[in-house]
Structures are given as C-alpha cells and as structure tokens.
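K.L.:
Got a structure for you, written out below as structure tokens; questions coming shortly.
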Amino acid sequence: MGKCDEANVEVNMGDSASPMKPDNFTFTVPPEAPVFEPTPEEFLDPLAYISKIRPIAEKSGICKIKPPAHWQPPFAVDVDRLRFTPRIQRLNELEAITRVKLNFLDQIMKFWELQGSVLKIPTVERKPLDLYALHKIVKEAGGFEVCSAERKWSKIARRMGHPQGKGIGSILKNHYERILYPYDVFKNSGAVGAAGDSKETKVEVKCEQTPEKAGRRSSKPPAQTPPPARRYKSSEPEPAEGSHTEGALPSADSAPPDKKTPIKEEPGETRRSPRENKWMSQAGSCGARARVLRSTRLREHRLSNMTVSVTPAPPALAPPRPDDPLAKYMCHVCGRGDIEEQMLLCDGCDDSYHTFCLVPPLADVPKGDWRCPVCLAEEVSKPAEAFGFEQASREYTLQQFGEMADQFKSDYFNMPMVPTSTVEREFWRVVSSIDEDVTVEYGADLHSMDHGSGFPTKSSAHLYPGEYQYADSNWNLNNLPVLEGSVLGHINADISGMKIPWLYVGMCFATFCWHNEDHWSYSINYLHWGEPKTWYGVPSSKAEQFEAAMKVEAPELFQLQPDLLHQLVTIMNPNVLMKAGVPVYRTDQHAGEFVITFPRAYHAGFNQGYNFAEAVNFTPADWLKMGRECIAHYSTLRRYCVFSHDELVCKMALEADSLSLTVALAAYRDMRTMLHDERKLRKSLLDWGVTEAEREAFELLPDDERQCHECKTTCFLSCVTCACTAQVACLRHYEQLCDCAPAQHKLRYRYTLDELPAMLEKLKRKSELFREWAEAVQNALDPDTPKTCDLDGLRAHLKRAHDLKMHKTELVRALETAIEDAEKCASVIQQLDLNKMRTRTRHHDPKYRLSVHELTLFAAEIDGLACVLPEGSAVKEVLRQTAEFEDRATDLLNKDLEDCDAASVRELEEVAELGSRLCIVLPQLSALQARLQQERFVVSVLAHREDCSTLTPDVIERLLADSEAVVPHRRVEAERASLYKLKLQVEDWERRARAILIDTSTPKGRRDSVDSLTEEHTTLAELDALLAEGDDIDAALPSHHALHTATAHAKDWLAKVEEMQSKELYPYMHSVEALSRRGASIPLPLLEKQQLSTALQSAKDWQKGAADMFLKKNWSYSLLEALSPRTESCGGPRRRGRAEAPSLEGGLLKHFSEDATPTEIVAAFKQAEQRELAAIKELRTRNLRKEVRAPPAAGVSFCVCQKRQYGVMTQCELCKDWFHASCVASAREEMEDRSESPERIELPFPCTESKFLCPECTRTKRPRLHRILALLVWLQKLPVRLAEGEALQCVTERAMAWQDAARAILGSPQLATLPAHRPPQNDRKDSHGRSSANVEHAYSATPRSPSTRVAPGLLQKLEDLMLEGDLLEASLATFY
C-alpha cells in the first residue's frame, strides 16, 4: 500500500473516538459497594433487614450481605441430572463502543464489497488503522474538505495518538480520501453522483501471503462447535465470496481457515418476562448468521496486507425504458450497447453500465461481484439487524461445563491462582479491543422449575434433618419473593425469574450486561459455590444520567435499538461512565454471599471463573410507588410489561384483610393515586365523545390481547376498543387507535368508578389501625405535648406494632429510637447511682462516663425524652458529689510536692477514690491521680533510702518502671535521676563481681578446662578494692556477701599455699590434692588454683605413664606396691585379689611424710630390700623341701592353682616352687620373649635354657633401664613429690648397683679362665624352645652341665647375685 506500509508510526485510537487504548490499557477500579454483616437476630427477617440498610445501600445501587457463619445451606441441585445449553458471548461485541466500531467497519467493507473491491484494513506503523476513530475525528473536525482546506491532518494525527514530524497526517489523509471519503459522499447524497468530480482512485498492493500461510490455511477444516477459546489476530485473510481482484486470496477450492465458533453469553443475574425472552430469541436467531459472517469478515480484513481496490461508483442514472426488451443490454448512462468488452452487468439487478461511463470510470472490469449505484444504495441503506445472543450447539452437564471452564481459565492465564484484580483488568481490556476475539459460554437464566433450585425446598424429596431449616428459611430464594411483606406474593402466576428463581452457571469472563430489573423491582443473588462474581452498580438516583451517558458514547446503537438497555446485550466500561460523572460502585461476591440490587439501579458484571449462582426478584411494600413510576416509563419506551401493576393493586385491595399494615398502607396510597388518574382519564374519554361502555374481565384475557397497541402497557382497569380493529388502546392513547369517530369507540372497564372507592375503603380501614397507632405514637413522640407516658408505655406501642405485623417504617424506627434513647438514659442513670457505684468501683464501663457539662446536658436530655424516667433524680446526687470532689481536689493540687508525706498520700487516695466512683469525666481527676502517683513514688523512694538494705536491684528497677508512668515533675525527675545513677552503679559493680565469682556447681573437669581458657585471674588487692567500692554504694548488692565470704576463704587458703610452698621440700601429691580441693570450693579465679591444678595434672600424667610402663593389665598390685620391696614372701596363698594385696601403710608409707628426707626414704628402702632378700631365701628353702617325684601327700600343693603335682611341671628360678606347664604357659612365653633380647651377654659356662619366673615373682613388666631413666628425667620436672617416684628412684639405684656388682664379679680372674661353650645347633627344640635332651623326665629339675666346674665359694656368690637380680623390677642384660 505504498508509503502506508513502510511508515513507522504507532497507531492509537483518538480520545473522543476511543477512550480505552488496549495497547496501553489502564483500568481504574471503582469504589467498593457497602458490605453488611447482619447479626443472627437481624438475619431472621430479610425484608426488615433490607429495609433497615436501604438508606445506606441504595446510594450505591448494589450491596453485599454476608450471612452469619452458622448459615450454610446445602447445595440441593442434582448435579448428575442437570443438563443445559449455554449462550455464546463474544466479548468484544458486548462492549458498546467496540460494537459501534465493528458495525462501522462492517458498513465500510460492505460498501466496497458491493462494488467488487476487496477492502483490507491499512496499517500505519505496522498496526491496523482505526478507521472508525479516523472517521469520527475527521467528522468532528468538520469533514474531509474542511480538514484538507484548513490543513488539520497533523492535528488529526496527534489526536489519533501519533507523534509529529513523520508525515502521518498525509498518510491519514490519503487513506481517508481513498476509503472513507467515497462512503461519506455516498451517505450524504444518497447516491454516488456527488463523487463524480473526484479522481479515480485505485490502490494496488501485491499480496504478501507466504506459502506456509497458504498451506496452513488450506489444511484446517472448519470446526463444528469448538470450546470457548481465545482467538488471536489472524494473519491469513480470506477473499470475499466470488472475488477475483488483484491481491485477493486465490482458489475458491482452497479450504477456508479454521473458524472457531464464538461463544457468547446472555447477561446473567437478569430476569425477563417470557415474552421478552421470546422476542430476544427471535432477534438472536435471525441475526446470528449475519453476525457470524460479519465477525468472520472483519477478522479476515482486519490485519492483512492485501490489495485494496477502491473505485467510486458512477453518478445517478437516467431511468431505463421498461418497454424496450433490449434496454437491459444498454448502458444506463449513455444508452448504447456497443463496446461489450467494457460493459458491466450488475449482479443485483442485471442492469448494464460501461466502465468508462461510470463516474469515475473504471480502468478494468472488476473480477468479483459488482453492484450498480442503484443496488449499492439499496443494500447499504438496509437497517442492521438487532444484536442478540445465540445458543451453543452443545448441551453440557455441570461437570462437563466445569471442566471446560476451568481449562479455559487455566489456558488463558497460565497461572495457578489468578487475583480478582487481574481478571477484572483483563476482562475490560478484552471487551474494549476489537482485535481481541475471546468467546465464552454462560449457562444463564436456567429455570429452577426445570433444573431444580440450589436451595432445599419444601417440595424436595428425601430432605435430611439438617436441611429443613434451610427449606423454611426466609433467605431461601424460593421463599423470599412470597414472604408476607413482599408484594409479589399476591401475583398468582409463577413468573419465572421474578417469583421463581433462575440459575446461572458461569465461567471466566461470562458477562451479564448493564440493565435494571423488570418493573424496577429488587433482586437478590446468592452464589452457591465457585469463584467470585464481580458486580458493578449505579444508584437509582443516577439512572437517567447513566442512560444519557450510554447514549452519548454509543448513539449509533440507540438509533438502531432505542430500547438497547432493556435487551441486556450491551456493556460499557465503568471508567467511561465515571468520566461522564456517573457514580459506579463495585463488589466481589464470593461463595455463600448475597448481592442485593435496588429498584431502578443499573448493574452489570462478569464471573471470575466457574461458579453457580441463583437469583430472584422481590418487592417489599416500599416498591409499589417505584413500580407505578416504572409502568409510566415503560409506556414511553413501548416496552412490554411482565404483569399489570393495576391488577396487582386491585387484587391486594380485594384481600385487604390478609395484608400486613405496612403493605396495606402502601397499597392504599398507590391505589389512591391510581383512582385519581383513572377518574381523570375516563372523564377525558367521555369528553372526547365515547359514551358506550362494557365490563370486561381483563384478568381472564391473555396479556397480548389487552396490550395498548401504542405504548404496550397491559390494560386492566380500562381500555378503548373499536369495531374496525382487534387492537386495544389505553386511555392515554385512545386517539391513536383508529380514525373512526369517537362515538364508534367503546370503553371496556373492569370496575366502575363507584366500585373502586369501595375497594379503596377496605384498604383504608385496614390502614386505619395503623393511623390510630401512628397518632398515639406521634403524640408520645411529640416534644410539645406534656409527657404522660413512661418507658413501659412506649414498649407497649412497639409491641402493638409487632402484633399488627408492621414492618420497619419510619415511625416504627422513630419509636424504637425513642425507646432506645430512654433505655440508654435509664442505663446511664443506673450506672450513675451512688449506691450501685460502690459495688463496681473499678469495673465500670467507660462509655457511661460523662463530663460535668455533659451531665448537665444529660439532665436536660432526660427532661426531653418521650417518656418519664423516675430515676432522673439520681443525677442531682451525682452533681452534688461532683462539686464536693472538685473542691477537695483543688485544695490538694495547690500543695507543693516537696511537702508530701504518707498522710498527704492517704488523703489523695481518698479523694481519687471518690472521683473514680463517679461515672463522670472529671477534668481534675487525671491531675489528681497524676499527683497521687508522684507522691507515692517520692514517698516510696524516701522510705527505701532510709533503709538501704531494701534497695535491691529489683526494687530499683521497679521504682524506675513506676516512674515511667508518673507525670514529670522537678522532684520526680530528681529522684528518677538519682535512682538511675544508683542503678548504673549497682549494675556495674554486680557485673564486675559476677565476672570474678565462679559457679562452683560446674563439674570440676569442665570448670578447669573453661577456667584455663577464658578466666582472667584476680588478686586479693583487687578483691579488697571491689569490696570497698561496694561498701560505698547505698544499695543492697546481691553479690556483696558472696564476694566478701569468698575473699575471706581465699585469704586463708592462700596462706596455706604459701606455707606449703615455703618448705624446703616439695609437698607430696596427696597434700597438694587436698589443698586443691579446698581451693576449688572458693568461687574466685585465683592464679594459685590454676598452678596447683596444673601441677597435679602433670603428676597424674606421670603416674599414668609409669603405670603403663610397669603394670600389667588387670594386675592386683598398685604402682607403689609393685615398685616397693616385697613385704612378705612369694609363697603365700595364691590367687590373691586386689583387695588382698599386701598393705604398705604400716611399712614404707610411714616414711613418705612431708618432713621425710630422701636419705631417710632410701635408707628405709634399703632395709626393706634386705628383709625381702631374707624372706625369699626362706621361701626357697621351704619350696626346695617339696619332692615333686614323691607321691602326692596331704598338705603339699604346687603351682598357682594350689593342686597336687601332675603332668609336665616347671620350677621357678626365684621361689623354687613347681608349676604346671599348662598353668604358667603364658608366663613362660613372656619370659622367653625377654630372653631373646639382643642385649644378651655370653657367660663363661654353658646355659641350655632361659630362666622361668612364676607370676607371683614377676610383679611388673620390668621395662628397660633406659626407659626408666627417661621416666626419672620427667619426674625431676614435677613440682610435686610422688611416693611412686621415690620408689622408682630406689628401684633404679638398686638395679644400677646390681649391674655394677655383676660386672665386677664377671670380670674377676676366676671366671675369666673358664672356657666359652656353645650349645649344639642341631638339637631338636621342644615347643618352648628348650632342648628335649635336657629334660630327664616329668619331675626332674633342670640338670647342670657336667662339663663346667666353678669353685664353691664363687658359685655361691654368683647364685646370690642371680637371686638378687631376679628380684629387680628392671630389665638388664640376661645372665645365665
């Protein structure tokens, strides 16, 4: 399309043409409608409660009511049997402004298609041009000629939302001239002749259809009834039927693209008469096909880049010659029939035209259908069909519809939980855009008589026990319309939707359009379950302003359908209405909530998702006046009535005795107005000349036979008929019935003018009771009449109203208010009574407190009540006590706080108590209570300062906390500052004291580890300084006593430590342990405690190392016993346990005292060694007397098992006792392991085997001497004396002394002359490594080798030395 397609300009709709901009859509949320939550008592009577909230709720048109939590009716619909066919809704066709645009584009495309041209919407900046906005803005600016002459196209481009400086104005002018201007000329002139002077315009753009698109287009067969879907912008346009112009889609045999059936929805929550629904169904069915074609055609043309061939039609033609049979073959312009190749034949009327005779002339013959100018004018001028909804072709069950609805919302939003605000904004964005083609389905206006109500009903079968209360509930929508106070109960017919509830099964975006209820009645909607339903409402006082705003925004729709707002097929964005000054309110109705709409309140909305609702109308007594106004309004619109209002009122008059007073009074007033109007109308008819009259039972006639042919009002009281026609006319339009003379007309009446007043009298008599009651109540409530009625009398009037079944009229409310005021005054008087106040001195309700001024006014209010209250005299007593309080309070407040004492505190308490007992707001009471707090605080601080021992940190904290509530004063602030300073001193001292004190309850090992890592040590000087600082603080210090006691104990303990350290010798470990245990109980981190602990730990580590070196596992000897010389012979009783171990207490331990010197201890060990040597010799002598080869004898035992000799036995080299080989096998192996040491020394005489020492003779592991020396080096570093260490030193000295002696004797000349001897290497060894040849028999001792002979004296020395060596507890070189 030339420059148009290559431009880069954003297309937006102009402000006046399109208030909403889908590309940058914003939605301002209207204010919320009121929400009411009735109490369980208020919930009992729905009509009374709605009447109560009406003054507030009707200001917004709609309101929401949340039932009490206990009211949860069950869902009574049989979900398995419910089947319904929903309505289809195309969202962008519902919005008024969007539908106007669609209609305009439909007309433009129709205009060009009838001329054989395929119109494709041009694009500007890669966006489709809004032709409607362009046309409207140009029209508002004065038209094409004015805009071109005055060069307004740049301004028009700006109004369209395009930036300046890109030549957009010229592009828009070009498009307007080619596409819209010929249409304007055609519409303005009624023919195309006015466009004769315009130049030929033809726009050709090659098709940019890709093969992929063509293939995709041809591969999709049409769907039958697709589910609701969001249809996006189509990039595959189709040609008009029969079109073959350049750039149109080729091949009529190509399959059309997949056309998804739009799903539209009848606006929910709306009831109509069966007549209206029938009309709507007819309108919807007749316009459905055309509407689908239009939507399809618009989608085909909207976003394509196809050829636009625009050729204006020729001017008006000369009339043809009907008598000439060849006339249709002649050009209707020039009258010739030549040049047939350029002759056009109209596809509508078969008239002929030359292409060059048309104005402007056509360059080529159009390839599509072509209409002549006459047919074109005829087709374009046809009125458009009324817009309506169509039914879906599929029937759903409730489950199927729910699955479809949930899937639609899930696919559309692609999120698990969609906020209601998001759905709301998206809904208004979609309906405001012609490019967003979204269709949904709505199961609206389902008759509960056919499908069943969602509420349990009395006629329901198999009700459960808990369902009866809901079947009888007044809030059950099956009961509410016919309650005693509802006027609809007097209509015999079951009007579906008004008296009988309708059901609504909604899905996301399913819409109910702007409307008000039939006959301007109330409506109530209950959402049984499902996702919320969003409502918008306009108050009835702004209904006319709402209608005017709708007409201003979409005048074309109202020209086509004047009663558009009654068709429930149009919505409009609330923001548009709010911009026009119409107040709009919104609410979200959730499951289990009611929404009430008030008379003539326009409302609309949509569903947030899958849900199930039920709705019905109801008409309280206050509706009658509004209902009559509605009939008059319907008359001006020629709208059908659902029922006859006059018939309803007359029926109520005939049943006056059964009416409640409120309904009777309302009916009386309405019938009085009706009778007045009827008299005037009949008089006017009589004056016109109608004299013949006849009674007619209108209630027996069908409604369509008694409707005024002019205004469609259903007649009941009277009508006018004529013999020339079967139609009737009401008394307001009798002149329009026919042209016959008045005398030929006949008046048909239901009641005479004498019967109607009699009927009115019945209502009057019924209302007379109300009048009498009202007079009595008005006299009681009149402030100018003397008061003679008490509170009980007013209550009796109210009871009378309840007995007469009056609803909450203004007078009833006034009476209730008067009773409530009197009861409140009586309650306040009761609270102010002094005798009763003493029983509730500190638990009175603050709402009954009055100021002195208010108390005075309250006394005046008591006098102004509608009744007499005898308790009013108690108010004077309260005033007297108030005066007394004020006098005493003034005196006390004038005193200085410096002079306060306990007496002044008591007096303040007394006066404050008096003031608090009075349920009066006393200005001085707060000041008096503040002074009382101040004096209490000051006196309390002074009392504690006198006795500092009571001023503990808790007391100081409490006093400071109390001071926070005390009103500031110089004296109070001084005491508070002093307390705060004292608190800081106490906290600081306590912090330092607690940092020093140790928790002695902690286990010792854990405490030692913590102390060694984290504690800082203190000294006695620091402790004395801290105690002295605590003595200077005038408060009770919790840690002072503990710190003082600990310091005293520390001084005594340190003296002991110093005494112990002053001695010449180190103290023994048991003395250090005793002193350390005593120091551990002192809760102070003293350095000396850690030093002692460290020394003890080192000593214990040394003991453990020595025990590991010397002692065997599970041995019965302690380390000291093992290292000390034997105190008894080894031949004692065998198998001695640890408890039977020899005691050293009476032996060596007596030498290990603090004053014992090393010399004394060594001497004691030497003596013990000599005793040990003598004892072992004695034991050897005894054991040598045992004859192992002799038969077993009584009293003779061997081995550690203390049994007789048997088997293989071995003799111990030290004690010379015999041992069974099986009993001492482990001991022998251990000895032989030691014998294989690399330190063996060659002896000058032969040795055939290693020595065997029995377990009793081997008390330790006998470690190597070099290891013992290392242990002694460690011992020298310990600051503690150990008995085991000194014993080890003696053992080491004994071993070294023996080693020196052994070397001396081995080096003697007597042994040096002995020849060396090697045992044979090939001797067989037994299992113990000894030569089997050396074993004579089982009871033989180890034989001596006969080859070696030593002098007897030297041999004795060697044996004594070997005996002493075997007693050593250290391992030296092995000697044989």
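Just so it is clear, glycine is given a Cβ too, placed from its N, Cα and C backbone atoms.
Because TrEMBL annotations are produced automatically, they should be read as predictions rather than curated entries.
Keep in mind that this is a model prediction, so the values were computed, not measured.
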K.L.:
With TrEMBL as the source, identify the stretch among 1226-1267, 1310-1351 annotated region 'Disordered'.
P.N.:
1310-1351
K.L.:
Taking only the residues in the domain 'JmjN' (33-74), give me the average pLDDT of this model.
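P.N.:
For the domain 'JmjN' (33-74), the model's average pLDDT rounds to 94.
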K.L.:
Please give the sequence-distant neighbours of the domain 'JmjN' (33-74): residues at least 6 beyond its ends with Cβ less than 8 Å from one of its Cβ atoms.
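P.N.:
Residues 455-456, 464, 466-467, 470, 473-476, 480, 483, 485-486, 522, 535-541, 583, 585-587, 589, 592-598, 601-603, 618, 620, 622, 807-808.
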K.L.:
Tally of helix, strand and coil residues over the domain 'ARID' (98-188) according to DSSP?
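P.N.:
Secondary-structure breakdown of the domain 'ARID' (98-188): 60 helix, 4 strand, 27 coil.
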K.L.:
For the domain 'PHD-type' (328-378), DSSP counts of helix, strand and coil?
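P.N.:
Breakdown, helix to coil: 11 helix, 7 strand, 33 coil.
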